[in-house]
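Asker: Questions regarding the structure given below will be posed in turn.
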Amino acid sequence: GKVKDDKPAPPKRPLSAFFLFKQHNYDQVKKENPNAKITELTSMIAEKWKHVTEKEKKKYEGLQQEAKAKYEKDMQAYEKKYGKPEKVKKIKKSKKGSK
């Protein structure tokens, strides 16, 4: 079997400005559209994001920068203590082309 080490998971990557905006607006959009699917809600939020003022976008970009700085600091501390985290390889499913 695979030996599980006691290393904690490395810090999670910071969210993008759009994802922070999405998190911030999701409940409100859901409340306004209770029967919408998640994909529809995401589209609505994306549409809102397109029309957000530069000032508002800067707010989320600032939050993203803070999250990124924290992530980098946490990652340095993690690497100092545990070494670089192993990259998880994504397995690509090969599609057999039929010609």
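Just so you know, glycine gets a Cβ as well, placed from its N, Cα and C.
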Asker: Going by Swiss-Prot alone, which of S16, S94 is annotated as phosphoserine?
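Answerer: Checked Swiss-Prot: the phosphoserine annotation sits on S16.
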Asker: Please average pLDDT over the DNA-binding region (11-79) for the predicted structure.
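Answerer: Averaged over the DNA-binding region (11-79), per-residue pLDDT gives 98.
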Asker: Once the DSSP letters are reduced so that anything not helix or strand counts as coil, what is T42 (phosphothreonine)?
Answerer: helix
Asker: Long-range same-chain neighbours of T42 (phosphothreonine), Cβ under 8 Å, sequence gap at least 6?
Answerer: K22
Asker: Among all protein chains shown, how many Cβ atoms are found within 10 Å of the Cβ of S43 (phosphoserine), not counting that one?
Answerer: 13
Asker: Give me the long-range Cβ neighbours of S16 (phosphoserine): same chain, 6+ apart, Cβ under 8 Å, in sequence order.
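Answerer: Within the chain, S16 (phosphoserine) has Cβ neighbours under 8 Å at Q64.
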